[in-house]
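Asker: Quick one: the structure is below, and I'll ask about it shortly.
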Amino acid sequence: MGLKDVKDLSMDTGVQQMLAKAREEGIDTAFDRAAKMNQCGFGSTGVCCKHCLEGPCRIAPNGKGAQTGVCGANVDTIVARNFLTTVTEGTASHAEHAREVAHAILEAVEGKAPYAIQDEAKLKAVAQGLGLNTEGKNVNQLAKEVAIKALEDFQKQHGTLNWLKFRANSKSVENWKKLGLLPVNAHLEITKAMARQVMGGDADPTNLLLGTVTMGLVDGYAGLHMSTDLQDILFGTPKAVKAQYRLGVIKKEMVNISVHGHIPLLAEKVVEWAGKLKDEAKAVGAQGINVVGVCCSGNELLMRKGVPVATNYASQEMPIITGALEAMVVDIQCIMPGLQTVASCYHTEIITTLPYVKMSGATHVEFSTERADEAAQEIVRKAIANFKKRDPRKISIPNEVTEAYAGFSVEQIVEALKAVNAEDPLKPLVDAIASGQILGAVALVGCTNPRVKQDSSNVALAMELIKNNVLVVATGCSAHSLGKFGLLSPDGLQYAGESLRNILTAIGQANGLPALPPALHMGSCVDNSRIADLLNALANYLGVGIKDLPVAGSCPETHHPKALAIGTYFIANGVDVHVGVNPQVTGSELVVNVLTAEKENFPVTTDGLFGGKLIYEEDPVKAAEIILNRIKAKRKALGLS
Ligand code: XCC
Ligand code: SF4
């Protein structure tokens, strides 16, 4: 099969340019590998089971051939169980992220790690939310108590996750309690989920799907919320910041280091040491050191430090192909093993940092919070040493750079609204929704996927929504897509419906800006917690449940199990979640109906139990129409026109 035209692989002209360069140099990228890899029909529909050595068993489509596995498991059990496996993987990733940060805070306040608490106000707010007495305690004492509360969520044997009790909407909690879904501790629930997936474990498909909901709650509270809260405490709560996007942020005359992965513990230190060691870079003939972001580490640094973002998931190999990247430092998640193969054609050094995420052929500099400074220095010095190893014939950096705004934490959004109504900051937003000036809100989240034309579905869906006066908030790699195509900038309001444009202009002007952008960048994937916090605040203000709000979530170009875990968390709260990529469950009618409520009067559906459902639609324009109709139905139920 011939390779696709690079114009059909990404909307980003810089990425197209690098893809063409890679092909000329005989280098394989994820986009070309995707074209060569046929997707298996059994795996694509979720009907292949590998849970024991009697298999693999796979169920033939249309009733022709074997309809049960060797053990007798039918297609519904197999699909539901595979879905639980996927959601468990995603949840484990986020729980491990949160636990690492909790541990870092403990080390920091005990003087064992070189970090200091940056946001005392957030610390106090989180401590109070967790029910801690804050009176007369100094910062380190309080931070220690918060970290211990966090670590309890990985240890306690009774009760409910502390972070769930702190952050969840009370109406949602009542519902989960009634259904017996409340998680005790993250490790216990992840272990239990693994145990129920095992051969001869849970075979009831509906029960397995309810198990995924508990996983979703672990993901939400012991993953997303805990990570965001603790990172804000340790590194500061984001404020609006000017940002730059695209491969043009890589600078020819500088030592370029990209940070890639998710946990900001290392990334923050790399930025710090890049500043401190710039004279050493000058000594080798560079003008300085330029740190650029990739994926969610990029988002974390962008939100708090204004560090420019080079690229998102699907095109993570492209910074190397510019020939001007001295080092790519990675921690966990979304790091393609193919990076090292590409890097071996250039002078770029891939540096892994965690003992449980290594790559053969890459350099490993072990990172731990205790030796954070040493590790970051070593990494920056390696990058400096690589500057002289560049091959000038291989350097070609696309020159486009797009300007955007990021940093819209809930705290920042409330601050901006205070300029309109100091006493009652949520009122202007609620009034605009009630009057229909803002039809509703959609969270555009998730990834890019080399099987989908990069950025195209993210951008098309966002355009369609803002045209219809829907406010878009964005996180993760999809926020990069919107940033690159002008939707995180006030200029993007030219694509917005008139009433949305008017209100965002008014709020912006009250804050001394020309306008707010039509899409607000709220952070990394764990920062989907910020979106949930905003929804919780709006629901409480109106005295309704989150499920009643005219809102939805969408991940048009997802690729990662984490996205399905996050999606499950939002569905459990009654928010519809659209996915634009095959969720690999279509082999079971039962599973499809439980998740999507496609068939009327199906006995058990997530829509019936929680008020939110899965929407699977690959065409972004059709997906926007479905989302808009659901938003309108939820408005109507609230008595709004
Ligand atoms: Fe990964 Fe977070 Fe997806 Fe990007 S958005 S591809 S999960 S880096 Ni999270
Ligand atoms: Fe086959 Fe059952 Fe084993 Fe799965 S658990 S591989 S369906 S025998």
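Every residue, even glycine, has its Cβ placed from backbone N, Cα and C.
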Asker: From Cys40, Cys71, grab the residue that TrEMBL records in the same [4Fe-4S] cluster 2 site as Cys49, Cys52, Cys57.
Answerer: Cys71
Asker: With His262, Cys296, Cys334, Cys477, Cys525 listed by TrEMBL as binding [Ni-4Fe-4S] cluster, identify the candidate in Cys447, Cys555 belonging to that site.
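Answerer: Looking at Cys447, Cys555, the one TrEMBL places in the [Ni-4Fe-4S] cluster site next to His262, Cys296, Cys334, Cys477, Cys525 is Cys447.
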Asker: Going by DSSP, is Cys57 ([4Fe-4S] cluster 2 binding site) part of a helix, a strand, or coil?
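Answerer: For Cys57 ([4Fe-4S] cluster 2 binding site) - judged by DSSP and reduced to three states - the answer is strand.
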Asker: Round to the nearest Å and give the CA-to-CA distance linking His262 ([Ni-4Fe-4S] cluster binding site) with Cys52 ([4Fe-4S] cluster 2 binding site).
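Answerer: Distance (Cα to Cα, whole Å): 33 Å.
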Asker: For the recorded [Ni-4Fe-4S] cluster site, whose residues are His262, Cys296, Cys334, Cys447, Cys477, Cys525, find every other residue on that chain with a C-beta no more than 8 angstroms from the centre of their C-beta atoms, and list them by sequence position.
Answerer: Cys295, Asn299, Tyr313, Gln333, Gly476, Ser524, His560, Lys562
Asker: Look at each of the binding-site residues, Cys447, Cys525, and point out the one with the fewest other Cβ atoms around it within 10 Å.
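Answerer: Comparing Cβ neighbour counts within 10 Å for the binding-site residues Cys447, Cys525 gives Cys447.
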Asker: Could you tally the C-beta atoms, other than its own, that fall within 10 angstroms of the C-beta of His262 ([Ni-4Fe-4S] cluster binding site)?
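Answerer: A 10 Å sphere around the Cβ of His262 ([Ni-4Fe-4S] cluster binding site) contains 28 other Cβ atoms.
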Asker: If you count the C-beta atoms lying within 10 Å of each candidate's C-beta, which of the binding-site residues Cys49, Cys52, Cys296 ends up with the smallest number?
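Answerer: Selected from the binding-site residues Cys49, Cys52, Cys296 on minimum Cβ neighbours within 10 Å: Cys52.
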Asker: Looking at Cβ-Cβ distances, which residues of the chain lie under 8 angstroms from Cys57 ([4Fe-4S] cluster 2 binding site) while being 6 or more apart from it?
Answerer: Cys48, Cys49, Ala66, Thr68, Gly69, Val70, Cys71, Ala73, Ile78
Asker: Could you list, ordered by sequence, which of these binding-site residues: Cys52, His262, Cys334, have a Cβ under 6 Å from ligand 2?
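Answerer: Cβ < 6 Å from ligand 2, in sequence order: Cys52.
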